[in-house]
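Asker: Dumping the structure here so I can ask a few things about it.
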2 protein chains.
Amino acid sequence: MSAKIPVIEMFGPTIQGEGAVIGVKTMFVRTYGCDYRCSWCDSAFTWDGSSKDKRVMMDAEEIMSGLTELGGNRFDCVTISGGNPALIGEGLSELIDLLHERGIKAAIETQGSRWQDWFLKVDALTISPKPPSSGMSTDWEVLDSIMERVRTSGKGAHSLKVVVFDDEDYKYAAKVHHRYPDIPFFLQPGNDNVTEEGDISTRLLSKLEWLFDKVIADPDMNAARVLPQLHALIWHNKRGK
Amino acid sequence: MSAKIPVIEMFGPTIQGEGAVIGVKTMFVRTYGCDYRCSWCDSAFTWDGSSKDKRVMMDAEEIMSGLTELGGNRFDCVTISGGNPALIGEGLSELIDLLHERGIKAAIETQGSRWQDWFLKVDALTISPKPPSSGMSTDWEVLDSIMERVRTSGKGAHSLKVVVFDDEDYKYAAKVHHRYPDIPFFLQPGNDNVTEEGDISTRLLSKLEWLFDKVIADPDMNAARVLPQLHALIWHNKRGK
């Protein structure tokens, strides 16, 4: 009997807009449920109850069929995001194995609040601890333990990404980077309004320039990388892109 | 006696806008002279004679001093671009060694028309063969030989990048990707007007969306990555950013 995964949406192929795998063609699977409630979450429908009736329980084979129906032969990477996919154990472990059997890479985005053994099987593991503006607080002990385990796995497929909305967030990002100096580190400007309709690219680019300027001036950020959310520049706040 | 390098400009720190090292904080050194004359070159002042009197012959130590004067302790990466830096032998070999002595990484951009032994010492080697719209033609024998040598070096620090302006360029890009399937491959939309003043981000994003759509629909591009020129989105056609 295969384990079930709560899925709230699947879409793609599209282009990964963020982090270490920016620009990669990928399908997306979004799991339902989160242990966080970030004030500016751009996917609050995965945890705020508004879309709970759209959640479907699926096993790895069913997800694979759904992805193939959507993407045909036009992808070789699947990104699993949430919500927090690290709330799910066996089901995602089985999905990652199935993807690998088919020659497909698995990318994961999670905030670093929970460990799962399948982290070590992932081809691109993005750990994205949430800064003060989220309203959440970081359990450093848990994060230390996660970073230690991925670091010693030797696979080198992991990175840290911090979203920055304001100066306080930037200080938090610097703390994260300083704490795990050997882990590839990405900074990303936050989207201050995730419900605004129409073209938001000018606002986002101006926030990116603000973050560029801070990093350029800061000798403690020489090894950091600063990237936008490409999908938001192109498709704005539209869902399922 | 140290070898001299023809330098047309140095600037930074800034953020690398393109390719495998997108988002990395870096200084730029631009060498003078090119064996190509691409119709849409965004740095034609490096070869068209218009800035020849600004060219300065500098050795590695002098370049290092200039970079330190500009960037202080605010960088740990230097990108050497052109023109075509692969026209230069001993001088750049010495510069790369000096950067490494100081704990600084060296990134290079070149079109793959000439080999230099120092390619193998570079931390991020971007080979960017030019598509038909450039008006240039690719010497496949030379490119094959370069890709074979970097591939067998085992350093894994190399990538291919093709700029795409139109459907013919896209076909050329597909040919490059097909010819070297194991080399990380990046596609980048071309900037159709490198002298336009003011904010060009809307035009560039629309071209990026065009390229996204082509890659998304194309099963032969599953492993390609599509990225914009971030610096052009932020700083437009401004020089020295």
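Glycine is no exception: its Cβ is also placed from the backbone N, Cα and C atoms.
It should be emphasised that the depicted structure is a prediction, and the values quoted were computed from it without experimental measurement.
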Asker: Of the candidates B:Gly83, B:Gly198, which one does TrEMBL list alongside B:Trp40, B:Cys41, B:Asp42, B:Ser128, B:Pro129, B:Lys130 as binding S-adenosyl-L-methionine?
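Answerer: For S-adenosyl-L-methionine, TrEMBL names B:Trp40, B:Cys41, B:Asp42, B:Ser128, B:Pro129, B:Lys130; of B:Gly83, B:Gly198, the listed one is B:Gly83.
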Asker: Which single residue out of B:Ser65, B:Ser81, B:Ser93, B:Ser113 does TrEMBL record at the substrate site shared with B:Ile15, B:Gln16, B:Gly17, B:Arg30?
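Answerer: TrEMBL names B:Ser81 for this substrate site.
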Asker: Pick from B:Gly17, B:Pro129: which of these binding-site residues has the biggest number of other Cβ atoms within 10 Å of its Cβ?
Answerer: B:Pro129
Asker: Sequence order please: the binding-site residues B:Gly17, B:Arg30, B:Cys34, B:Ser43, B:Ser128 that have their Cβ under 8 Å from a chain A Cβ, otherwise just none.
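Answerer: Answer, by Cβ distance to chain A: none.
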Asker: Whole-number Å distance between the CA of B:Gly17 (substrate binding site) and the CA of B:Cys38 ([4Fe-4S] cluster binding site)?
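Answerer: Per the Cα atoms, B:Gly17 (substrate binding site) and B:Cys38 ([4Fe-4S] cluster binding site) stand 20 Å apart.
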Asker: Starting from each candidate's C-beta and looking 10 angstroms out, tell me which of the binding-site residues B:Gln16, B:Ser43, B:Ser81, B:Ser128 has the most other C-beta atoms.
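Answerer: Of the binding-site residues B:Gln16, B:Ser43, B:Ser81, B:Ser128, the highest Cβ count within 10 Å belongs to B:Gln16.
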Asker: Roughly how wide, in whole Å, is the group B:Ile15, B:Gln16, B:Gly17, B:Arg30, B:Ser81 that binds substrate, by largest Cα to Cα distance?
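Answerer: Value for the max Cα separation, rounded to a whole number: 15 Å.
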Asker: Please state whether DSSP places B:Arg30 (substrate binding site) in a helix, a strand or coil.
Answerer: strand
Asker: Run through B:Cys41, B:Asp42, B:Gly83, B:Ser128, B:Lys130 for me and report the binding-site residues whose CA is within 10 Å of the CA of B:Arg30 (substrate binding site), in sequence order.
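Answerer: Within 10 Å of B:Arg30 (substrate binding site): B:Gly83.
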Asker: Given the binding-site residues B:Ile15, B:Cys41, which one has the fewest other C-beta atoms within 10 angstroms of its C-beta?
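Answerer: With the binding-site residues B:Ile15, B:Cys41, fewest surrounding Cβ atoms within 10 Å: B:Cys41.
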